[in-house]
Amino acid sequence: MASMLHLFLVLGTLMVASAGSFYQDFDITWGDGRAKIHNNGQFLTLSLDKASGSGFQSKNEYLFGKIDMQLKLVPGNSAGTVTAYYLKSPGSTWDEIDFEFLGNLSGDPYTLHTNVFTNGKGNREQQFHLWFDPTAAFHTYSILWNPQRIVFSVDGTPIREFKNSESIGVPFPKNQPMRIYSSLWNADDWATRGGLVKTDWTHAPFTASYRNFKADACLWSNGKSSCASSKSRSRAWFSQELDSSSQNKLKWVQKNYMIYNYCTDTKRFPQGLPVECRTA
Ligand SMILES: *[C@@H]1O[C@H](CO)[C@@H](O)[C@H](O)[C@H]1NC(C)=O
């Protein structure tokens, strides 16, 4: 009995910083064989054809963490396809942190779309082009989520920061544990130029690839966080902020690669920009 308990404790500790396999960390949830795990769990592919897309979700729920995944997106003519990679809690007043990659015609840039939902309300889109071709090789897409901020990063370069603005009345995701989800699906009714460019099914199946998942995170199970102890809360990412070099990189991306920012869309918000935009 004691040794069983010991085993659970050891496993529990290992799970917190998991660089495991896709078998260990994820369940394939849909796509009828179109999502596949390869190489002993080191590699995962999603595919999309005319009949269906595919998707997976994490076995664990997380409440705060630093979560990295390497993705290689659908190459070639990927117009109309959307690869979504996000964290989300269940229910009708859910929280959500989104990366979505909107495919494009060969040679035209992908759009990286980001959003943050709190209590079921989003409308906080920021969109970017990337400074590299995201279909040519794997790149790391990271979410840092701690009680003070959410930072979206690409290859270690921060592209967006959503700060905790509860002091001025903006809800922040901090009570609802989230799972990681990813899916590849057809959205040619809206994705490329508002639906003008249709998915070219002669290029199907479309495939996106995943590897090197790493979660340094607080796991949630049976109503408890694995970060309840002050020791785990003292880990660097739990209170991490952007240092001045990261702030400069963030500014560089926002100046050169941002193509949409809800915080500057005064037409969309004639009554005034959202409160969190006014302080930034
Ligand atoms: C596709 O490429 C065009 C041309 O550069 C660009 O304006 C557009 O934002 C891109 N669309 C998507 C969905 O990525």
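Just so it is clear, glycine is given a Cβ too, placed from its N, Cα and C backbone atoms.
Whatever TrEMBL says is automated annotation, not expert-curated.
Feature annotations, courtesy of TrEMBL:
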type	residues	note
ACT_SITE	Glu96	active site, nucleophile
ACT_SITE	Glu100	active site, proton donor
DOMAIN	16-210	domain 'GH16'
CARBOHYD	Asn104	N-linked glycosylation site
SIGNAL	1-19	signal peptide
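Averaged over the domain 'GH16' (16-210), the predicted model has a pLDDT of 95.
Around the Cβ of the residue listed as 'active site, nucleophile', the same chain contributes Tyr86, Leu87, Lys88, Ser89, Asn115, Val116, Phe117, Gly122, Pro173, Met178, each under 8 angstroms and 6 or more positions distant in sequence.
Highest local Cβ density among the recorded positions Glu100, Asn104 belongs to Asn104, counted as other Cβ atoms within 10 Å over all protein chains shown. Among the recorded positions Glu96, Glu100, Asn104, residues whose Cβ is positioned under 6 Å from ligand 1 are identified as Asn104. In the three-state DSSP assignment, the secondary structure recorded for the residue listed as 'active site, nucleophile' is strand.
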